Amino acid sequence: MSQIVIEESLFGKLSNKQNVKKYKMTNQNGFSVSLISYGASIQAVHVKDKNGQVVNVALGFDTLEEYLANSYFGSTVGRVANRISNAEFNLNGIVHNLEKNEGKNNHHGGSSSLAYQNWASTIVDNYVKFSYVSPDGEGGFPGEVWFDAIYRLEENENILLIEYKAITDKPTPVSLTNHFFFNLNGHDSNETIRNHLIRINSDKILEMNSDNTVTGKVIPVESTKNDLRNYTLLSDRIEKDVKWPENGFDNFFISNDSSSDLKELASVKNPSNGIKFDLKSNQLGLFFYSGNFLDIKTSSGANYNMHHGFCLEAHNYPDSVNQESFPSCILNPDIEYSHITSLAFSIEN
């Protein structure tokens, strides 16, 4: 018999009268993760620190209205995560024009992103399954695509496993990620992430243009601020109260392991309370964003300001639809897209 307890409740109603559901999953350690069907999103992650105090490390909101007003917090992002340059791509000789929702580029799929959809949801045994069917042409992308997002907890370990699946009836780009924001001090601590230690298993990053699209060039991290191959105190790399682009991280780090196996991409530690976070994925790299533009006061009283949360978004290379040298993100009808990411929490005294 499963030791995972899953509770379902009503989180809110959209203007079209659709119910947005909330699910709280708890394992036998008391580790719990709360999810909402809007965006197939992570709403809260409660974990004990070294003193036995329960800490919610996930930035999120208590009301649906706040999710509608603030993009991507804990959401499933796609059809294609990150930026597509010039909001267009050529697939099999046909140019597909997308919404320009960030300057001249398409970001996270535009206004029809999976992050803005209310997914169908159900409890299956010991996990929660969200499903969404994206119609042919939605957001400018070809093909009808059937998406599943599955969230499950380990019974004895504080691990959240995220599994994304997709099938399509036409060739189309697919590259999903979860856009969680975490702060190991606690989401309502009013402390930045500068006291965190981070390690990313990456020798190389993608060079960025000023508009945060990629140039197509791969550059080494050695002797740069992006060398995070050993645990690095973020306050040594992120200055206090200095804004982007002079400060912070907003970069795609290429995994040293290019296999499709589940491998460790990043690890983050908070020496203050002992909480340690490890991210494994079968993806080719991750985007590290240090909350450079956060400026939100929540209804719960928490303030999410600059550098008050980090994102580690595992996915395929950004803009791979326009970069011939990058691994392809094209999903064909005879293949199932499979993305697995493991989020593990532990205590390190």
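Glycine residues also receive a Cβ, built from the backbone N, Cα and C atoms like all the rest.
According to TrEMBL, the feature active site, proton donor maps to HIS179. Of all Cβ atoms in the protein chains displayed, 23 besides its own lie within 10 Å of the Cβ of HIS179 (active site, proton donor).
Residues within less than 8 Å, Cβ to Cβ, of GLU313 (active site, proton acceptor) and separated from it by at least 6 positions along the same chain comprise VAL77, ALA81, ASN82, THR177, ASN178, HIS179, LEU286, PHE287, TYR289. The active site, proton acceptor annotation in TrEMBL covers GLU313.
Marked as beta-D-galactose binding site by TrEMBL: ASN82, ARG83, ASP250. Cβ environment of ASP250 (beta-D-galactose binding site): MET208, ASN212, TRP244, PHE287, PHE288, TYR289, SER290, ASN292 lie under 8 Å away, each six or more residues apart in the same chain.
Max Cα-Cα distance over the annotated beta-D-galactose binders (ASN82, ARG83, ASP250) is 12 Å. Here ARG83 (beta-D-galactose binding site) comes close to GLU102, ASN105, ASN106, HIS107, ASP211, ASN212, THR213, VAL214, PRO318, ASP319: these same-chain residues lie at least six apart in sequence, with C-beta atoms under 8 angstroms from its C-beta. A 10 Å cutoff on Cβ-Cβ distances gives ASN82 (beta-D-galactose binding site) a total of 25 other Cβ atoms nearby, all chains included. When secondary structure is read from DSSP and collapsed to three states, ASN82 (beta-D-galactose binding site) falls in the coil class.
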